[in-house]
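Pulled from TrEMBL:
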COMPBIAS  1-11  compositional bias 'Basic residues'
REGION    1-24  region 'Disordered'
BINDING   30, 32, 57, 78, 101, 175  S-adenosyl-L-methionine binding site
DOMAIN    37-259  domain 'Ribosomal RNA adenine methylase transferase N-terminal'
REGION    119-143  region 'Disordered'
COMPBIAS  120-137  compositional bias 'Low complexity'
């Protein structure tokens with residue numbers, strides 16, 4: 001018998017697209033079909049019974065099915081009016097459907113069980129997780145850290161309280177439409193404190209930017225997301241793993257929210273990054289340096305760096321923005337909070 005090529009084996013292990021399902025270009029639909037990659041994603045997520053899973057863009061349900069098999073229930077967000085009822089019919093009560101544009105979804109309301117299809121496992125205020133498996137709509141999610149903070153008062157061991165806090169949080173997964181991936185990732189930052197982790201399939205170029213180190217593909221998205229998440233690229237996925245194949249390679253990324261953002265000074269962080277990256281091929285002297293001189297004329301990078309060594313890389317303005325480590329940008333944002341800013345003159 002002739003040996004089968006890896007490509008032949010991959011073709012043999014594919015999910016067939018259900019009859020009548022036509023991928024829609026305007027939704028950026030490319031359905032994952034290769035079972036080896038489906039299994040790899042499920043292993044990476046490692047769902048457990050009772051997990052509060054949300055899947056964005058479930059498509060034909062090839063990832064939904066094994067997630068339900070391990071977790072017991074899932075909430076899906078699907079905008080496609082043809083796919084949505086099919087998913088509900090296929091998975092019944094094991095699936096809660098939110099038929100809406102994901103950029104319009106109120107994830108905070110989802111986490112609290114107050115809108116958009118409440119999630120099983122929402123605990124009522126003051127309930128430290130004892131009823132974490134109660135039916136949807138019976139309560140709201142504890143804010144998270146409050147469960148640990150009240151442990152001493154209630155006599156609950158801290159470890160159990162921490163576990164209860166994690167049980168309340170969302171686990172968000174999805175093969176994201178590549179045309180909305182960056183806006184969606186920024187949209188989710190608002191609920192990072194209610195999320196345990198995120199596993200997303202994205203365009204490889206976007207994932208490489210998300211996890212970038214200084215001197216490579218670092219950009220504004222890198223710095224902003226790494227302020228809120230620990231990020232790791234898990235593996236690449238080739239175009240022929242999809243139906244229809246996209247024109248680009250894909251990658252799977254894991255994003256775990258930090259306990260606290262590195263800096264909470266988001267307004268000066270955004271402004272500084274915009275100034276530096278608006279012309280990213282120019283040296284910082286002509287971009288960030290000019291912006292600082294105009295907006296914060298009394299601010300000195302050298303003086304600030306003597307107080308916070310994280311700022312040292314920014315004292316060399318002959319560099320380009322992608323050469324600067326994220327920590328320096330966070331330190332700059334913190335330093336600018338207390339700096340005197342030039343206010344526009346209102347005539």
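From the backbone N, Cα and C atoms, a Cβ is placed for every residue, glycine too.
DSSP assigns residue 78 (S-adenosyl-L-methionine binding site) to coil in the three-state reduction, outside any helix or strand. All protein chains included, residue 175 (S-adenosyl-L-methionine binding site) registers 26 other Cβ atoms within 10 Å of its own Cβ. Its Cβ taken as reference, residue 101 (S-adenosyl-L-methionine binding site) is surrounded by 10 other Cβ atoms within 10 Å in the chains shown. Sequence-distant neighbours of residue 78 (S-adenosyl-L-methionine binding site) (same chain, 6+ residues apart, CB-CB distance under 8 A): 57, 58, 59, 84, 87, 97, 98, 99. The full span of the recorded S-adenosyl-L-methionine binding residues, 30, 32, 57, 78, 101, 175, taken as their largest Cα to Cα distance, is 20 Å. Its own atom aside, the Cβ of residue 57 (S-adenosyl-L-methionine binding site) has 25 Cβ atoms within 10 angstroms in the protein chains shown.
Averaged across the domain 'Ribosomal RNA adenine methylase transferase N-terminal' (37-259), pLDDT in this predicted model comes to 81.
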